[in-house]
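One structure below.
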């Protein structure tokens, strides 16, 4: 059985438990349209839903003579092969939580369930796992908490875990001095509402900035990535325009408070919305002459921008061909007047 990751099973951050419900009915109970093989299912669904990319395909079940093949039953072993925890936790809870109440599972098979690794060490999910999770210590959030630096983190549901759970080394609990604010994401296809919750995130950031309670604040705008995955060029354009508008609201507030901002990303997506023909180096085309949509992350370098209207040009960033995300923590520490942690990569801050 199967289906697109944005349609069934693979919800994250409790944005839409209905996806997990559909996945349970598909994988465990064997309910849904039947096909003789996964390949046959995907080929048929692409024809039935033209223009739908694989991550949005509906659920399907492999069957033989009208009987589902591979339902999950008592005595079975279930191995969840995801490495990342964000899209693994909810389906894991459906298998393991004794008091699970997010949807009616109808039938709960007694299985031996294991994840590729333990996705959440605080919650001990899952109980069994194949590989010990990496110990991620001395993160920026932990280091700043120990130094007494108050921190504010905000995003909408689709990226909330990126500024909390992932940010703190796959840790679901807060460190001392941290405040989290989640803006609930809309449960609609991202290309239909490409502005997503950028305005509400900006509202939260502006309120937190003006409160004066926090020494450092972080947020994640989901638009470029989530809308970029849809393959819709026009929607992606609107998504980036929405982020531009909200940055234009946040940055003047930072100016007024005498602060600076760092703007970056962890990977590309909306920067390339068409596949590139390897021979011509031009956008690749489908058989009907339309451009072939690119829905994956890109490998392009991302910007790292220091926004500073308060130092009189005394602050800058070192140009580097090899710098990456691992240099950001030390850069922020230096901006706050602290030395970096001994285990961190070097700061890129330049004081002129």
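Even glycines carry a Cβ here, placed using N, Cα and C.
Annotated domain 'BPG-independent PGAM N-terminal' per TrEMBL: 2-120, in sequence order. Mapped onto DSSP helix, strand and coil, the domain 'BPG-independent PGAM N-terminal' (2-120) counts 33 helix, 21 strand, 65 coil.
Along the domain 'Metalloenzyme' (123-340), the predicted structure has mean pLDDT 96. Marked as domain 'Metalloenzyme' by TrEMBL: 123-340.
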